[in-house]
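Asks: The xanthine binding site annotation in Swiss-Prot covers LEU20, ASN27, LYS157 and rests on sequence analysis. Per Swiss-Prot, 5-phospho-alpha-D-ribose 1-diphosphate binding site is recorded for ALA129, ASN130, GLY131, GLN132, ALA133.
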Amino acid sequence: MELLKEAIRKRGSVLSSGVLKVDQFLNHQVDTNLMSAIGEEFARLFADEHVTKVVTIESSGIAPSFMCAHSLQVPLIFARKKKSVTMDKENVYSSRVYSFTKKEYSEVTVSKDWLCPGDRVLIIDDFLANGQAATGLTQIVEEAGATVAGIGIVIEKSFQDGRALLEGKGYRIESLARISSLEGNKVQFVEESAHFAYNKS
């Protein structure tokens, strides 16, 4: 998605060979016009999957997920990292997930009231790195007896093993921007890497 790639190039900051900072438009300050376009693109990509619910993890996944759910005209559910006092702890689906950015585990939960066996669920997240967050959400969806209709990722770090992990389990993945490298404080996209390799040969 060129609009997203342009935002990454102009407004993203490479902090290390493994960390891209995008808090100017995605996970702190939110560019609502860009999120709207991202939501519409996910809705277009998964239009044939008969999605009934969109699921994400709080909090950075909420903005793109909301726009996607709005475009699909279906409810959005966000898994909580901390149990609410209003949530019956005996009436939840839960999974333990590891955050690549925060270097810590979280127990994420979804109320059993909102996921049903007949649901076809689209999982949306802001980043795909090692695939642990998305895997945790697939476990919750499947524990509910629902079906994972697909996984939509805003920014994928293709140099990490998240895609291989999820595709190995048979899930459909659509990423709007795939980054092949952050080496040298420069963002390199998968398509650009392939083009460079072709030209070199």
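We count from 1, first residue shown onward.
Note: Cβ is positioned from N, Cα and C throughout, glycine not excepted.
Model, not experiment: these values are computed from the prediction.
I would like each feature placed in context: is it buried or exposed, what are its neighbours, and how far apart are things?
Replies: Within 10 Å of the C-beta of ASN27 (xanthine binding site) we count 20 further C-beta atoms, all protein chains included.
The DSSP secondary structure for GLN132 (5-phospho-alpha-D-ribose 1-diphosphate binding site) is helix. Counting only same-chain residues at least 6 apart in sequence, those with a Cβ under 8 Å from the Cβ of GLN132 (5-phospho-alpha-D-ribose 1-diphosphate binding site) are VAL97, TYR98, SER99, PHE100, GLY162.
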Asks: Quick one: which residues besides LEU20, ASN27, LYS157 have a Cβ within 8 Å of the xanthine site's Cβ centroid, in sequence order?
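Replies: Those within range, site residues removed, are GLY12, VAL19, LYS21, VAL22, THR101, ASP126, PHE127, ALA129, ILE155, ILE179.
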Asks: Determine which residues of the same chain, besides ALA129, ASN130, GLY131, GLN132, ALA133, have their CB within 8 A of the center of the CB atoms at the recorded 5-phospho-alpha-D-ribose 1-diphosphate site, and list them by sequence.
Replies: VAL97, TYR98, PHE100, LEU128, ALA134, THR135, GLN160, GLY162, LEU165
Asks: Counting across all protein chains shown, how many other Cβ atoms sit within 10 Å of the Cβ of ALA133 (5-phospho-alpha-D-ribose 1-diphosphate binding site)?
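Replies: For ALA133 (5-phospho-alpha-D-ribose 1-diphosphate binding site), the 10 Å Cβ neighbour count is 27.
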Asks: Measuring CA to CA, name the entry from the binding-site residues LEU20, ASN27, LYS157 that ends up nearest GLY131 (5-phospho-alpha-D-ribose 1-diphosphate binding site).
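Replies: Out of the listed candidates, the nearest Cα belongs to LYS157.
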Asks: Nearest to ALA129 (5-phospho-alpha-D-ribose 1-diphosphate binding site) by Cα, among LEU20, ASN27, LYS157 (binding-site residues)?
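Replies: When the Cα distances are compared, LYS157 comes out closest.
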